[in-house]
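Worksheet: the structure to be examined is printed underneath.
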Amino acid sequence: MTSAAVLGPPAAPAVRASRLVVDHLRHAVVDLWRQKVVTLFTVVVPLVWLVVMGFVAGNAVVDEAGGVRVMQFVTPGAAAMGVLYASFPTVAISVAEARHTGVLRRLRSTPLPVAAYLTARIGAAVVFAVASVVIMLLVGVLLYDVRLVAGTAAATTVTLVVAMATFAAIGTAVAAWSPTVATAQAASIGGAVALTFVSGLFSFGGSAPAWLVTLGDLLPLKPLTAALQDQMNPFHPEVGWDVTGVVVVAAWTVLAVVAAAAGLRREGVRPTPRTPRAPRTGPAVPTTSTRSVEGDGPAPSATAPMTVVHDTGRPGAARLVRDQVTAGARVTWRDPGALFFAVVMPVALYAFVVALAAGGTGPGGVPTAVVVAAGMVAWGAAVAAFMNLPEAVAVARDAGVLARLAATPTAPWHLLTGRTLAAVGGVLAVEALVLGLGTAAYGLRVTATGVVLGTAVLVLGSLVLAACGFLVASTVHSAKAVGAVALVVLLPLAFFSDVFVVGGPAWMGRVGDVFPLKHLQNALVLAWSPEPAVGWGHLVVLALWGVAAGVVAARRFRWDER
């Protein structure tokens, strides 16, 4: 007697597709949660911006009758920034990784359609975007007495949904056209940072030129921020529907979808395999022999030239260090992300900020071009020496490279010295670019003495920041977390150290006085001023930080992944 299994009707295609999307959505959310860089840019960056703006702008009452405070109009900017960073770089990087690792191609042989995969990935980014908005609003309500406007809830929801779709589509387009994952990462993060500045979320005390205002109006972030500010404005008489802003954002969605579809369509066209090139024909090249022991191997040809090989023995220390300098420089120049934050960002921000300042002066009557140059070069030094260098060494540690040095002529100090010198060389390149740009375009005048003093200060500061970075690497046990932790420390510290904000509240200056970054910036200002001077007090603080951090890092740093 046999029993027959009764099979129900197969699920409808739409049901199967939705089930696949939900299943992969859970996986995508977990995958993004495990990537610390996602949490960093989704929550930490907007939150740091919100808190710093609260410090700088204050939270005074602007309406005594209603109790409305300044942060009522600042918090929407943090929410918009959270949507941008959660939807744009997150989608761009994850989709680019799927492209370049062959995942999108292999999906064609699985039940999961490419469209379902992309939908789930974008949905995971939306989950993080929603979480970021909720966190920004909660912080605003709990810390700054921000009031949510119930009458504009529908308009706010629609605006946020359209914005998330827009930035996710832009991220997909960037991923579809990026030749490498590193390029997608640099383009998305760099584009998000540039969009933040162009859209006016950072104010430097100057009025933006008309062309910059127009450019910001045409890009999606500024209309989003303006719409959210109106929807959270309790004095706004309307219900919050900003039709113009939504149209601008939606137009970017259409353009991004078209670009993404065109780029992803190439995934279905396999490149024609390249035919192996036939070996060259021609006269045979005579072979050489370096063996001198009789009977050991074939005798050399009578017509072949003899090659004498001299045994040079173990490579010298100078050559080993030089090789590591070359390797470190090559790694930096081949990494678009590291290159953007350490070189492109400080140079571009210098041009942007000085153009807005229009030849003003900073504290003590020092030209703004000098103050901003010191801040941007200090930022470049911090990124290169405090963040990128220790992260690269930590990656080598976790990969077992440092442990295997014992079997090579390269000693650990060869590697550390060479990589540190490569980082310092990159910092000096940033100094040359910023000073050169300031001299050529913005009337910056630094004396020869000032250049020499500034270079010496910059070398010392870079070594100190490198020691502090190695201290972080010795404390954090995962190479993936070293860069994230360093950026979490560096970003708020820059606002306290006269890098991004100059002339803030006095207590912020006192906090910055504790740490080395502000002393590096202040010492550079003194060196590059019209009358150069040596900031001995700043140099002493830098030296103390360098010695303390170096000693602790040397005692705690591990040379293997265990």
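Positions of Cβ are set from backbone N, Cα and C atoms, glycine also.
For 278-288, the entry in TrEMBL reads compositional bias 'Low complexity'.
Feature annotation from TrEMBL assigns domain 'ABC transmembrane type-2' to 37-267.
Residues or ranges marked as region 'Disordered' by TrEMBL: 268-309.
Same-chain residues lying 6+ beyond the ends of the transmembrane segment (37-57) with a Cβ under 8 Å from its Cβ atoms: 70-71, 74-75, 77-79, 81-82, 85-86, 89-90, 128-129, 131-132, 135-136, 139-140, 143-144, 189, 192, 201, 483-484, 487-488, 491-492, 495, 501, 504-505, 508. Look at TrEMBL and you will find 37-57 (among others) tagged as transmembrane segment.
Taken from TrEMBL, the feature transmembrane segment covers 77-96 (among others). Tertiary proximity for the transmembrane segment (77-96) is limited to same-chain residues at least six positions away from its ends with a CB under 8 Å from its CB atoms, namely 28, 31-32, 38, 41-43, 45-47, 49-50, 53, 118, 121-122, 124-126, 128-129, 131-133, 135-137, 139-140, 160, 163-164, 166-168, 170-172, 174-176, 178, 180-181, 183-185, 187-189, 191-192, 195-196, 201, 221, 224-225, 228-229.
Under the heading transmembrane segment, TrEMBL lists 117-144 (among others).
Long-range Cβ contacts of the transmembrane segment (150-177) within its own chain (Cβ-Cβ under 8 Å, at least 6 residues beyond either end) map to 79-80, 83-84, 86-96, 99, 118, 122, 125-126, 129-130, 133, 184, 187-188, 191, 220, 224, 227-228, 230-232, 236, 239-242, 245-246, 249-250, 252-253, 256-257, 259-260, 262-264, 266. According to TrEMBL, the feature transmembrane segment maps to 150-177 (among others).
The annotation transmembrane segment is assigned in TrEMBL to 189-212 (among others).
TrEMBL lists 243-264 (among others) with the feature transmembrane segment.
Per TrEMBL, transmembrane segment is recorded for 338-359 (among others). Counting same-chain residues at least six beyond the ends of the transmembrane segment (338-359), those with a Cβ under 8 angstroms from any Cβ of the stretch are 186, 189-190, 193-194, 197, 204-209, 331-332, 367-369, 372-373, 376-377, 379-380, 383-384, 387-388, 426-427, 429-430, 433-434, 437-438, 441-443.
Marked as transmembrane segment by TrEMBL: 365-387 (among others).
The transmembrane segment annotation in TrEMBL covers 421-444 (among others).
Remote same-chain residues near the transmembrane segment (450-472) are listed as 377-378, 381-382, 384-387, 389-390, 393, 420, 423-424, 427-428, 431, 435, 482, 485-486, 489, 516-517, 519-520, 523-524, 527-529, 532, 534-535, 538-539, 542-543, 545-546, 549-550, 552-553, 556-557 (criterion: CB distance under 8 Å, separation of at least six residues from the stretch ends). Taken from TrEMBL, the feature transmembrane segment applies to 450-472 (among others).
Sequence-remote contacts of a segment are chain residues at least 6 beyond its ends whose Cβ falls under 8 Å from one of its Cβ atoms, and for the transmembrane segment (484-508) they are 36-37, 39-40, 44-45, 48, 51-52, 55-56, 202, 362-363, 371, 374-376, 378-379, 382-383, 386-387, 390-391, 469, 472, 476, 515, 517-518, 521-522. Summarising the annotation, TrEMBL assigns transmembrane segment to 484-508 (among others).
Among residues of the same chain six or more beyond the transmembrane segment (533-554), those with a C-beta under 8 A of the stretch's C-beta atoms are 453, 457, 460-461, 463-464, 467-468, 470-471, 473-474, 515-516, 519-520, 522-523, 526-527. What TrEMBL records for 533-554 (among others) is transmembrane segment.
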